[in-house]
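Straight from Swiss-Prot, the features:
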type     : residues     : note
DISULFID : Cys99-Cys191 : disulfide bond
CARBOHYD : Asn5         : N-linked glycosylation site
TOPO_DOM : 1-27         : topological domain 'Extracellular'
TOPO_DOM : 49-56        : topological domain 'Cytoplasmic'
TOPO_DOM : 78-101       : topological domain 'Extracellular'
TOPO_DOM : 123-141      : topological domain 'Cytoplasmic'
TOPO_DOM : 163-198      : topological domain 'Extracellular'
TOPO_DOM : 220-239      : topological domain 'Cytoplasmic'
TOPO_DOM : 261-276      : topological domain 'Extracellular'
TOPO_DOM : 298-321      : topological domain 'Cytoplasmic'
TRANSMEM : 28-48        : transmembrane segment
TRANSMEM : 57-77        : transmembrane segment
TRANSMEM : 102-122      : transmembrane segment
TRANSMEM : 142-162      : transmembrane segment
TRANSMEM : 199-219      : transmembrane segment
TRANSMEM : 240-260      : transmembrane segment
TRANSMEM : 277-297      : transmembrane segment
Amino acid sequence: MLTLNKTDLIPASFILNGVPGLEDTQLWISFPFCSMYVVAMVGNCGLLYLIHYEDALHKPMYYFLAMLSFTDLVMCSSTIPKALCIFWFHLKDIGFDECLVQMFFTHTFTGMESGVLMLMALDRYVAICYPLRYSTILTNPVIAKVGTATFLRGVLLIIPFTFLTKLLPYCRGNILPHTYCDHMSVAKLSCGNVKVNAIYGLMVALLIWGFDILCITNSYTMILRAVVSLSSADARQKAFNTCTAHICAIVFSYTPAFFSFFSHRFGEHIIPPSCHIIVANIYLLLPPTMNPIVYGVKTKQIRDCVIRILSGSKDTKSYSM
């Protein structure tokens, strides 16, 4: 009788097929993807440079924005370059271990994106509800600790994805109808029981996004109460304006995330696979692309710094708000 070792059921590599059903148009799809990726790289690197270089931006709000920019850079860079290689050069192979690494980085930093947005909501809550204590509550050590905790939360919750995926037997081929290695997309190629993978994936989603959304909702509920109680219309308008960019970032992040998550689990037979794959990529591209634009347009301090640098002002380091 022929017996198979466990290693015989683990493929050496997967073949990423890109966007299923749209193979003939993938070259055209690559242009908006590439454009968004370039904007994301330039915008987020520019924000990181500004926050590091400008003394005026050495404040808690901008430290959290730097965390968001770094997270966005890693999040989109973990998938989009490979997707462009698939679209342009038909380089579809990805090693099994390389696939697990991509899976780890993608899911870890999407979780961290949500965590940083939650921290930014808490930052706005402290700034509006406790303005006199803002700098004493959100000190540099506190910011470093909560940022590290958010990163470790993602790492510790996502590491089991790689082990659960590696333990599965794969006897349904190695062709993956996707542009990157998503946890459940890879697990569905297995001929084993993926119930544990599905349940754990749902638990992680609830622990990360459920907790973060609850904190964001509570923060903005208290912000709304504080703002409404202000006697001056100008003060209310100014307080709301400080939250506009963050609210836009939340919308850009959570809208495609929820669509991708629920369509993958509950709308598989309703929503075309091509639509799901495109949204899954937009989910990783839209926040990194739009966040620098929104914060650049809505935040006066960042606009002023950019204008002074572009105008060649030599007094950028000494400028204070």
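Cβ from N, Cα, C; glycine included.
With the fewest other Cβ atoms inside 10 Å of its Cβ, the least crowded of the disulfide-bonded residues Cys99, Cys191 in this structure is Cys191. Within its own chain, the topological domain 'Extracellular' (78-101) is flanked in space by residues 10-18, 26-27, 29-30, 33-34, 37, 109, 162, 165-166, 179-181, 186, 281, 284-285, which lie at least six positions past its ends and keep a Cβ under 8 Å from the stretch. Taken residue by residue with DSSP, Cys99 (disulfide bond) is part of a helix. For the transmembrane segment (240-260), same-chain residues at least 6 beyond its ends with a Cβ under 8 Å from one of its own Cβ atoms are 68, 110, 113-114, 117, 120-121, 124, 127-128, 209, 213, 216, 220, 223, 227, 276, 279-280, 282-283, 286-287, 290-291, 294-295, 297-299. Listed stretches 57-77, 199-219, 277-297 were compared with the transmembrane segment (142-162); the greatest number of C-beta pairs under 8 angstroms is found for 199-219. Where the transmembrane segment (277-297) meets the stretches 28-48, 57-77, 102-122, 199-219, the count of C-beta pairs under 8 angstroms peaks at 28-48.
Counting residues of the topological domain 'Cytoplasmic' (220-239) by DSSP class, helix then strand then coil, yields 16 helix, 0 strand, 4 coil. Residue counts for the topological domain 'Extracellular' (163-198) by DSSP state, with H, G and I taken as helix and E and B as strand, are 13 helix, 2 strand, 21 coil. Broken down by DSSP into helix, strand and coil, the topological domain 'Extracellular' (261-276) contains 10 helix, 0 strand, 6 coil. Tertiary proximity for the topological domain 'Extracellular' (163-198) is limited to same-chain residues at least six positions away from its ends with a CB under 8 Å from its CB atoms, namely 6, 9-11, 13-20, 78-79, 82-83, 86, 94, 99-100, 102-103, 106-107, 264-265, 273, 277, 280-281.
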